[in-house]
């Protein structure tokens, strides 16, 4: 092979240039030490969310491990349930409801449902900020306890437990309200209260277990199946014709505190979660049965029924069913009812917006969903979550907004409502007071909370011996970090007084709504709205599958 000198020279020059342009930069890049890019700094909602989840650690009852992370809390309530038919296993565990030491199953179950719902929609956000395992541990702590409150291995039951502990109004005998003791020091009777009727309680407990079963479907399949079985048992109890009366009716230990005003909302709520958990069309048929909105007055345009709470599941249940219509569009025979639910959900969102003046607002910007009565923040937090979630549903389907009568409302208006309420809670209010303990520089220091107000000094204070800490003007020696207190009055005034529980007492249900609202607004490196599909994994195909192709033609 003959090659001229000139061609050979240019060949060498070309190889050299190629080395300098391609190979050398590659070598240099590979030789430079690699540095992982830093994750984005947490936003304010993320910081508040980290703290809000800790409140549930502080409320735990039962045998706590060292990993619980609340230095002033220890084992408590280890004798709970010894007076029941389940005395071998007891009713140990679960969560104390608020600043007292009662375990109310109705709001506890609602709190677990809300935490699970937020986890299903925003699991990617919880993972991104390192809270996914923490959250699922909190959910399991609650659902483990709920499973103890009935015979979860049976297909049917004739009673369930509604609470442990409690008191009568104005009680003068040692109980959860008369005494001011740390949970670890309780030495008074704590009876377990069983009920033989209660579609409201059983429906909410079924919703909690069904929603949690979706959370654990991939990570713990056996536990998920156990939750589904328990949920179905509870829902059979709830639907039993002979048990259709409120769980709290006439009970002086329950009715003054967590009085249920109806149970058809729990039928809709529980049936919807069971449909998503099982794919059983019987539950969807019930959730879209015309009798439920009729008996719950869902379509009558009553403003109070647009307010989500531990007592009123209608707006949340209808939003959950609207999700089904938006993403799966099942058509006949469900379309008519789902369209009505969708329309009412949009009207609920309209009612939250100040331009329509459905509810009063404080001058500082807090919506008065409970008409100026005490503890307004839990209602605002719940509504903020539903509004933010509905906005995410619309955004995920490229729908720019919705209609309030002749007015078109863009998504950003709904998000602005959600952020305005959460921002108010976090300190953007006339007092510049954060209503989340431990968040910001100025937050309540005299929280109505037994464990937080009594020093962790290895001394035991008796039932009445703890009163001196209840009545003390000094700040709590222990911060119940993450607790969202009751909140201000309708004039934006707040009294940081331990004896005024209307202002300073936190609740389990309120904090669950706060957690859900915060995660919906959190900005993370995985910020892509909701998880559209995980909730539908058990839902069967909605349309007949295409028939198989015909066999090949043969002459």
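For all residues, glycine too, the Cβ spot is worked out from N, Cα and C.
Since the structure is predicted, the reported quantities are computational estimates derived from the model, not experimental observations.
For 12-32, the entry in TrEMBL reads transmembrane segment.
This prediction places the mean pLDDT of the domain 'Glycoside hydrolase family 9' (45-518) at 97. The domain 'Glycoside hydrolase family 9' annotation in TrEMBL covers 45-518.
What TrEMBL records for 496 (among others) is active site. Sequence-distant neighbours of residue 496 (active site) (same chain, 6+ apart, CB under 8 A from its CB) are 444, 445, 446, 503, 504.
Positions annotated as active site by TrEMBL: 505 (among others). When other Cβ atoms within 10 Å of the Cβ of residue 505 (active site) are tallied across all protein chains shown, the result is 21.
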